[in-house]
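Working notes, structure below.
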Amino acid sequence: MDDILQGLNSAQRTAVVSEASVLQVLAPPGSGKTKTLTARVAHLISARGLQPWNIIVCTFTVKAAKEMKERITGLVGSGLSRQLNLGTFHSVALRYLKAYGHHIALPKDFGIADTSDCKAILHRLIKQHGMGITAGQAVGRISQRKAKGGSTDGTTEKSVEQQEFNLLFAEYEASLLASNLLDYDDILLRCTTLLKSHPQCVKNIQAVLIDEFQDTNNIQYDLMSLLAQHQNVITIVGDPDQSIYGFRNAEIKNLARMRTHWPDTLTINLEENYRSSGAILSAAQNIIEQDESRPPKKLQATHSIGLRPVLRKLPSAKAEAQWLVSEIKRMQTLSGSMMMGSDFAVLLRSAALSREIETALGNSGIAYRMVGGTRFYDRAEIKLVVDYLRVIHSPDNTEAVERILNVPSRKIGEKTIKELRGEAQSKGVSLWSLILGIAQDRCGSTTKLTAPNRSGLASFVDVILSGHKKVESWNKEQPSIVDLINVISRKIQLQSYLRSKYAAEMSYEARWTNVEELMAQAAELTQPSALQELAELDALPVVEEIEQRSESDQDVLSVFLANIALTASAEKAADEDGEKVQQVTISTIHAAKGLEWPVVFIPACYDGSIPHSRADDHDEERRLLYVGMTRAQALLYLSCPIKDTQRQETNLSAFLVHKGMSRYFEEHGPSMSISALNGLCITLRRECPVETKIAELKATLERDEDNYWPLNGEEPLEELAKWDHSRSGSSYTGFVSSRTTATTTMQQNFSTANATIPKLDQRAAEQEKKAQQNPEQQPKGRKRQIEGQGSIASFFKKPRPSPEREPLRNPQELRPTAAGFMTASQKMPSSHKPRSTPILSKPNISRSASQADGENAGGKYVFLSSSPPPLDPEDEEPPPPPRPAPPAIPALNGFRPASTFHTTSMQQQSSASVRKTLGVKRSMNGWPPPKRG
């Protein structure tokens, strides 16, 4: 008994030894709720004398169930802990359906429909009826209805849309029934039906304990009540401040509902937090207390105040990602490598926000992992093998039959499969029954089948019957799912199929390795000791009043497939990957619930992100931010870009602009002094690095303070200087009231129009004067014409070389540049298209000339890759023909002589479709068409 209570604080101890029949333990983040719940289970067994097989413990994840079982084993030993009925709601319900399902006419070999099965059924029905809803939307609505225990029976809604959905729901249920399948929600619904009609199934249950109670929905609440209906001994652990699964139909009102249902309910509050520093808790507490309807609760830190959380403003989402990466590097260095990659987590309101962050981490060479990647059992090669196993176990699973009938190819096209399914439905048989009859020539078919079609059907039937034969042999020999997978692999030539299908991706070896991993799991499961342990875990105590279904060796396949359907393999894969290599974690806040990290970043803290623009319940959005903040142990960073990924202006989250919130945050990352580092080490219970190591690493940093990005969210001065550094060339550094610059991609030595035009005028005058002094060079035989006016011949002929003034360049082609002026002889690249949109005025930036300035003074490439360097004089090519002036910009005085046009320009002018001018409008655009009355 002393071992069970050891290390518990006063409130935890009170909860563990409480004699109350119905107990609510309200446990805020980091308050030791799992420790309290496991200690209470051990207390019920050791001190109260309850038998472990008469205790039910329900969790929400496989990972939580595994952790709880390990802790209970440490308190009462494996002999007792293994006899507990402990698992997720779905796994506990499934045990009762396997044992007693026949009492509600549930077939022995029922299967579990995964998400792909459900969506396939709904997609087919929606397409069949031409409904205006997607399969994904339908899955959500159906799950919502089932979570509330509802059905279509007796509904009389007048809405056409609602009647359409009722039809879809009814046909979806009929399709599941025809395929002998239950979806995930059906597992809970059927179990409640069982326990209502046959309450003697749980007559032995002496206590029910529920973890994360705030996440329960209506049907889970009902299931809890039915499991405890004989003794009414219930303990729940939860926190209404962490209720963030409203989109999954979780009911925060279940806590109040429970107190109404059992008026003698005792509530105990755990108030001590063992995870986060005092400063982090203070900020999080003030966020959650903005909800005035929330009952007041205290949250006491057991650690020191620590470093205040950071609320950082950045100019853009890209800058935010770059800053985040720089802070990870800075903290790792200044902590003397005490903090590793896996100590950092980036928690997002939405996974869509990860792109900039992933890019920044990748560019910096920082390893990271995305929580919620492709699950092992969702990989194509695994789903293929599992679908074959499911059809062998339950041939009436039409959705699975349809998916694998032509995989690998058996020359049976989608049209033929669709027609076969329609024929099966019209005959009132399953698709498998029809195919089996056709392959064995026991029945005809109305579907037009070619010889290759029939050969393919026979090949498919041979695979499934070979699998059946192997399973039937398990009555005489040791069951082996590995042998069964090998039969399938050999029959369908799986290796050859994977090699040919994924040759382009060069992923054959990785995919075959996945198949081998599946076989390794199957081999582990079918070991005699594992089978015995599994049978003991799934076994329910015998109740005299009601008969249990007997088990057989052939049920090994059923158990294996059920485990696949219910296993949270993504969590396992993520944990294993995280242990092998140090990686920064990127996760949604929802997926991070129940986890913790020394350092947490929550980017994109603006209205529209958190609270989300599509969120109906802002209180739940506030709780979501609270959950994210309380994942941090020692350092917490919140950030907000001035502009989001779409370059739209943002507003800081309404939760962070609340009155008085600013005093809980710093505007920049912390300065890591030796005393601050010692405080972090104490909070994290780690050894502090030696100062010499810290000094060595610190010397490698370009900046040891978070001072590159301005606190007001503007661009850093260095970034502005890159665009406007030519301005600092002047020796004048006095006050400048304003300046207008233009965004440009031009090179050095370009000039402004004001500076260049006078030079061109001067040059033209000199050329004209020179021509007058050398009349013998003037062309002969030309008639005198008006100055600046070409002749009719010059209008249609190729212009002759002339020493006359060069055509003036369009002023819009002459822009302020990054440095210096361009000589008149230098030409712009023909493909160059400078931007002309002005930007905001920038302050004068003075700096001393650097070596780089001297190196770049010769006109070489300075900043933008879009502007190639000019050619050296000795390499300069002959200038290209002059470009035509843009037609949208008139020449000087609204007119341009025809002689200045290039031949190609004349061709463009002559071929262009314009209105006739009738020779009366100088703009050459013609008169507008007359208005019609």
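From the backbone N, Cα and C atoms, a Cβ is placed for every residue, glycine too.
All TrEMBL annotations are machine predictions without curation.
Features reported for this protein in TrEMBL:
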type: BINDING; residues: A27, P28, P29, G30, S31, G32, K33, T34; note: ATP binding site
type: COMPBIAS; residues: 843-853; note: compositional bias 'Polar residues'
type: COMPBIAS; residues: 900-914; note: compositional bias 'Polar residues'
type: DOMAIN; residues: 6-277; note: domain 'UvrD-like helicase ATP-binding'
type: DOMAIN; residues: 278-594; note: domain 'UvrD-like helicase C-terminal'
type: REGION; residues: 761-933; note: region 'Disordered'
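Sequence features, as recorded in TrEMBL, placed on the structure.
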residue	record	CB count, 10 Å
A27	ATP binding site	28
P28	ATP binding site	26
P29	ATP binding site	24
G30	ATP binding site	22
S31	ATP binding site	26
G32	ATP binding site	20
K33	ATP binding site	22
T34	ATP binding site	18
*Determine which residues of this chain, when A27, P28, P29, G30, S31, G32, K33, T34 are set aside, have a Cβ within 8 Å of the centroid of the ATP site's Cβ atoms, and list them as they appear in the sequence.*
T36, D239, L270, N273, Y274, R275
*Helix, strand or coil at P29 (ATP binding site), per DSSP?*
coil
*Across the whole of the domain 'UvrD-like helicase ATP-binding' (6-277), what does the mean pLDDT come to? Round it, please.*
89
*Hey, does DSSP put T34 (ATP binding site) in a helix, a strand, or just coil?*
helix
